Amino acid sequence: MANVAKKVSWSGRDRDDDEDGRAGETTPLLNGTGPGAAGSARQLTPSSFLRIGQLSNVDLNEDIHELETELPRQRPNEIPHNEKLLSLKYESLDYDNSENQLFLEEERRINHAAFRTVEIKRWVICAMIGILTGLVACFIDIVVENLAGLKYRVVKDNIDKFTAKGGLSFSLLLWATLNASVVMVGSVIVAFIEPVAAGSGIPQIKCYLNGVKIPHVVRLKTLVIKVCGVILSVVGGLAVGKEGPMIHSGSVIAAGISQGRSTSLKRDFKIFEYFRRDTEKRDFVSAGAAAGVSAAFGAPVGGVLFSLEEGASFWNQFLTWRIFFASMISTFTLNSVLSVYHGNAWDLSSPGLINFGRFDSEKMGYTIQEIPIFIFMGVVGGILGALFNALNYWLTMFRIRYIHRPCLQVVEAMLVAAVTATVGFVMIYCSRDCQPIQGSSVAYPLQLFCADGEYNSMATAFFNTPEKSVVNLFHDPPGSYNPMTLGMFTLMYFFLACWTYGLTVSAGVFIPSLLIGAAWGRLFGISLSYLTKGSIWADPGKYALMGAAAQLGGIVRMTLSLTVIMMEATGNVTYGFPIMLVLMTAKIVGDYFVEGLYDMHIQLQSVPFLHWEAPVTSHSLTAREVMSTPVTCLRRIERVGTVVDILSDTSSNHNGFPVVESNPDTTQVAGLRGLILRSQLIVLLKHKVFVERANLSLVQRRLKLKDFRDAYPRFPPIQSIHVSQDERECMIDLSEFMNPSPYTVPQEASLPRVFKLFRALGLRHLVVVDNRNEVVGMVTRKDLARYRLGKEGLEELSLAQT
């Protein structure tokens, strides 16, 4: 394991410090799982605080020291990457409320009318999330339509001019240069300003809703870069869609509105202060993700199911209703604004960014004998999806190792943009598939070498935004495409989309997947009509829809939400059953080979992601074997100097501390009394809540929950808090601020039981006690996530500061 090294992460910068550049304060390691945990067991510990238990964790200390001697300080050309690692730099969110005295007193003071007010505020926030997400989607759509239209008109005029008098290489150069320069701007802002805005953002939001704190993921700056980045990526002609990033954008909007302030703008609007905690914030983020799906596809029910299936770990009836409300408002806002923009204010015909158009059941119905054909298409989609994911996996590994500098990432994005334009141009140039221009809905018909009154059919697929190309493949009449055209397009676009996903640009994979599937699905439908001598049921548009569903299902492996999204986007319930069959088959076949694309990228970033259930063969493990030790405990009345020393100890950097009752004169430990968090201790020290001697009553200014909420979510680092030598001798009473009823498990509890408790309640710390209620260890997210089912059975991942 000597090749453990820092690697490029979603935050994009290979560095140890957190978002504000302070060494590991906002994202410190969890209790007892740091690489220094091994070393801290052997170091001299101050007698004033208690360490309990023996080390049961993976001993990384030697490896870390080895690294320090092996790796030079400058950036290496190659960054070693080991997928069998779990990163220690990701923190957990506190989904469980700390029910200390302050919290209970505030809750008791709130009467029924105040609770009603809080509930009304929740609905207001959900409405605002829906409206703003819809408006952002409108902005993206209108800007992309105008900029892409301008680009395609310029290139089309140029091609028409040079087709007549020769010298088409100038047209190719113009197209490639336009693409590369637009993508360069989009890539520069992502690579240099906010790397976490790269990609679709869906894996990051999945992690956030799972309870993992990804630095910068729901910042205002991330939203601005995401929106600008996705506009530039789509206009730059990359094989990407603008639908995936809408989910991330909706989540950022939700996180910002629900807190009633912006840390990026350093503005506090003093509203919604009650919701300044992880529990509430995460519920609103799941509403934002659903509103994003709804705005992208015009699928409010699909949005709710997406949040349920892919994201939120915690669910209840009221939350479902509020999320559905936000989704509905989002799609209605988008619909209203786009209808006004298109000049028909009363015709609400644009429910989503992509509209598949209506599929008429009478013309395109299906019969029972087509069901096996659909299932076969699901198998093909699963195999192609697995191939796409496997290729993208090796490509991502290559990028992590070699393309980790921002300038290299920008160069790669420009190269892909230029290659995409070149491939498109060469394919259009070589194609002799000419179709009559009359009655066709082609936005930018390229004539090239076709006769007058005809256009090049390959150009409808390449010389267009991906969304329009998908709709064309669904609805163009039979005979609009030559089979050779579709075959070549599928092959080329498959590899271009695979190469594009993972670039340092903001872009989604939904639309490219649908486009690849629609192309081979239409080809499949044409082949069937040849075989069946032109039977009326073999409509190529219907098979294009099934192919699109199969390909997308094979890549992202969503079932429930994707079925409903496709049904809502087509506006036809009739296809619900075949779409479901196709998606289920694609998922089963794809899962046999590799994981889904999003899960694969989460794993590549070494994120401690907790799945729905513990690994099936893990019943033999107990809490004693998985817990982290030693645990740093605090006494109920503790010396300030001791607290400062513990918080400043970079070797451990724990986040939760069990509070025990013990006699200062003896080293004997008494039972567990509660749990206090690092963030709470920092607020106590900042406000100097301590007295000179333990027997003095507390006379200092009383803290309120508002003091803790004002510091949330970026608590100051311990280094910024000055404690004088005299103050170090003072005593601090933790009784009022600790959670007196933390969740505990006995050390004999099995891993699946511990996992279920931890996952279902959204815990951050789970204290392990013996039969005398004495602390013996602590279970955190990393302790559970490091056990997973591999090809050879249950395997344990190593922990490293990657």
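Using N, Cα and C of the backbone, Cβ positions are placed for all residues, glycine too.
Look at TrEMBL and you will find 1-41 tagged as region 'Disordered'.
What TrEMBL lists as transmembrane segment is 123-144 (among others).
Feature annotation from TrEMBL assigns transmembrane segment to 172-193 (among others).
The transmembrane segment annotation in TrEMBL covers 223-241 (among others).
Per TrEMBL, the feature transmembrane segment maps to 284-307 (among others).
Per TrEMBL, the feature transmembrane segment maps to 319-341 (among others).
What TrEMBL lists as transmembrane segment is 371-395 (among others).
Within its own chain, the transmembrane segment (484-503) has Cβ neighbours under 8 Å at 187, 198-199, 238-240, 384, 388, 391-392, 395-396, 399, 409, 412-413, 416, 419-420, 423, 427, 431, 433, 457-458, 461-462, 509, 512-513, 515-516, 519-520, 522-523, 526, 597, 601, counting only residues six or more beyond its boundaries. What TrEMBL lists as transmembrane segment is 484-503 (among others).
Taken from TrEMBL, the feature transmembrane segment applies to 509-531 (among others).
What TrEMBL records for 543-567 (among others) is transmembrane segment.
Residues or ranges marked as transmembrane segment by TrEMBL: 573-594 (among others).
Break the domain 'CBS' (738-796) down by DSSP state and the numbers are 16 helix, 22 strand, 21 coil. Here TrEMBL flags 738-796 as domain 'CBS'.
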Segment proximity, the transmembrane segment (543-567) to the transmembrane segment (284-307), 3 or more C-beta pairs under 8 Å: yes
Closest-packing stretch to the transmembrane segment (371-395), where packing means Cβ pairs under 8 Å, from 172-193, 223-241, 509-531, 543-567: 543-567
Segment proximity, the transmembrane segment (172-193) to the transmembrane segment (509-531), 3 or more C-beta pairs under 8 Å: no
Beyond the flanks of the transmembrane segment (123-144) by 6 or more, those residues with Cβ under 8 Å of it: 223, 227, 230-231, 234-235, 242, 246, 249-250, 253-254, 257-258, 272, 275, 284, 287-288, 291-292, 294-296, 322-323, 325-334, 337-338, 341, 353, 465
Distal contacts, the transmembrane segment (543-567) - CB-CB under 8 A, six or more residues away: 293, 297, 299, 301-303, 305-306, 308-310, 356, 359, 374, 377-378, 380-386, 388-389, 470, 473-474, 509-510, 513-522, 524-525, 528, 573, 575-576, 578-580, 582-587, 589-591, 595-599
